[in-house]
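First comes the structure, then the notes that go with it.
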Amino acid sequence: MLDIRVIRENPEEVKARLKPRSGDAWKLVDDVLACDEARRNAETEKQALQSERNATSKQIGMLKKKGEDTSSIEARVREIGDRIRELDRVAEENAAQLTSLLMNIPNLPHLECPVGADETANPEIKLWGEKPAIENPKDHVELAANLGMISFEDGARITGSGFVVYRGAGARLERALINFLLNTQTVENGYQEVGVPFVVKRECMEGTGQLPKFEEDMYGTEDQQMFLIPTAEVPVTNLYRDTILQESDLPIKMAAYTPCFRREAGSAGRINRGMIRVHQFDKVELVQILKPEDSFRELEVLRSHAESILQKLGLHYRVIELCTGDLGFSSAKTYDIEVWAPGQGQYLEVSSCSCFTDYQARRMRLRYKDADGKNQFCHTLNGSGTALPRLYVALLETYQQPDGSIRIPEALVPYFGADCIRPEQA
C-alpha cells in the first residue's frame with residue numbers, strides 16, 4: 001500500500017500520478033485524507049484528555065488529604081473517561097476505514113512509465129529472433145491431438161472446461177519444461193529453489209495485492225479465508241511477511257514451481273482456443289527482495305533471466321513495457337514478454353516482470369535494518385520464469401514438422417530424453 005505520509009504531504013501529486021491508471025482510485029485520496037485527519041484529531045484530543053485526567057487525579061488526592069469535597073472533580077474524571085472511550089471508538093473506526101481505503105489504492109506508476117489508456121498504448125521495446133517460416137502452420141490443439149499428448153475432453157469430464165489432461169509424451173514434455181525452467185533459474189541465474197503450499201491465508205493474498213480487488217477471480221473456501229494460489233508470487237513473497245531482515249541478507253532471490261489457479265478464463269474463440277487461457281496452469285515464478293536503491297536496476301536483470309528461457313529454446317519473442325492504463329494493481333513498472341505462436345498467428349504473454357517498490361512490503365510489514373540501524377521497507381520484484389502452458393503452445397507450433405512430429409529444441413533434449421516426438425512414440 002502507499003505510504004500515508006506521502007499522501008498526506010503530497011495529495012495532489014499522488015492524484016496526478018494515479019489518474020493515468022485505469023479506474024478512479026485517485027478519487028479515494030480525499031477520503032483517505034478525511035479518515036486520516038479524523039483519526040489523528042481523535043488521538044490528539046485523547047492525549048490532551050489523558051493529561052488532564054492524570055493532573056485531575058493528582059488534584060483529587062491532594063484535596064482529599066485536606067478533607068475537601070471532590071465530587072465535582074471526580075465527575076469530571078468520569079466524564080473524561082467516557083469521552084476517551086468514545087475517542088478510542090472513533091479512532092479505531094477511522095483507522096479501519098483508512099486501511100481499507102489504502103488497500104484499494106494501486107501503486108504509483110514509475111515516473112518514466114509510458115502514459116496510455118490500455119494495452120494498445122504499450123510500446124514494443126525489444127524484438128528477438130525471427131518468426132519461423134512455416135507453410136500452413138497447424139495450431140497446438142490439432143498437433144497435440146494427433147500425437148495424443150493432451151486431452152481437453154478428459155479435463156472437462158473430470159473437472160470442467162478450462163482444464164487439461166496431459167498424456168504420454170505430453171506429460172513428459174510438461175515435466176521436462178518445468179525441470180528445464182527450474183535448473184536454468186537456480187543453477188545459472190542464482191535463485192534459491194523453494195517449495196511452497198498451493199493454498200494460502202487471506203492475509204497473504206492481501207499482502208501481495210491480489211485482494212481485495214481481484215477476489216472474484218480467485219478460488220477460495222466458502223468463508224473466503226483460504227485461497228488456491230493464482231501465482232507462486234503469493235506464498236513465496238509472504239515467506240518474509242512480518243519480518244525485519246538485516247541489510248546483509250539482501251538481496252534474496254527465490255524461484256518456485258507451482259500450479260496456479262484462476263477463475264477467469266476469457267471468452268470462447270480462437271484467441272482463447274485450447275491451452276491459451278485455462279483455469280489451472282504450471283508456472284515457475286521468480287521473486288526478489290532487495291534494497292530500494294537496487295530495485296529498478298535489478299528489474300532489468302530479472303527480465304533478462306526470463307528472456308534467457310526463450311533464447312535457449314530458440315523461440316521468437318518481443319518485450320513490451322506496460323503503459324499506465326494497463327499496469328497491474330501493485331506494480332510501479334512492468335515488462336511483458338510475449339512469445340510468437342505460429343499456429344495462432346499472434347504473440348502470447350509468457351512472462352510479466354514487475355517492480356512493486358515498497359507497495360507489497362508495506363502490506364506485509366516486510367522491512368530490513370539499514371546501516372544506521374533504522375528499519376526500512378524492502379522493495380520486491382517478481383516475474384514468470386516462465387509460465388506454461390503458453391510456452392508449451394509456442395514450442396509445439398514453432399517446432400512442428402511436415403510429417404506431424406515435433407522437434408525438441410537442443411537445450412530441452414537432456415530433460416526430455418529425445419530430440420523428437422513422433423506419432424508412434426507419443
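Using the three backbone atoms N, Cα and C, a Cβ is placed for every residue, glycine included.
Database features (Swiss-Prot):
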REGION    44-67  region 'Disordered'
COMPBIAS  47-59  compositional bias 'Polar residues'
BINDING   T231, A232, E233, E285, S384  L-serine binding site
BINDING   R262, R263, E264, V278, E349, V350, S351, S352  ATP binding site
S352 (ATP binding site), DSSP three-state class -> strand
Long-range environment of the region 'Disordered' (44-67) - Cβ separation under 8 angstroms, sequence gap at least 6: 73-74, 76-77, 80-81, 83-84, 87-88, 91
Hey, which of the binding-site residues R262, R263 is the loneliest by Cβ count within 10 Å? R263
What number of additional C-beta atoms lies within 10 angstroms of the C-beta atom of S384 (L-serine binding site)? 26
Nearest to E285 (L-serine binding site) by Cα distance: which of the binding-site residues R262, R263, V278, S352 is it? S352
If you measure every Cα to Cα pair among T231, A232, E233, E285, S384, the residues listed for L-serine, what is the largest value in Å? 9
Across the listed ATP-binding residues, R262, R263, E264, V278, E349, V350, S351, S352, what is the farthest Cα to Cα distance, given in whole Å? 19
If you run through the compositional bias 'Polar residues' (47-59) with DSSP, how many residues end up as helix, strand and coil? 13 helix, 0 strand, 0 coil
Same chain, |i - j| six or more, Cβ under 8 Å of S352 (ATP binding site); the result in sequence order is G328, T334, Y335, D336, I337, G383, S384
Per DSSP, to which secondary structure element type does E233 (L-serine binding site) belong, with helix, strand and coil as the options? helix
Going by Cα-Cα distance, which of the binding-site residues (T231, A232, E233) sits nearest to E264 (ATP binding site)? T231
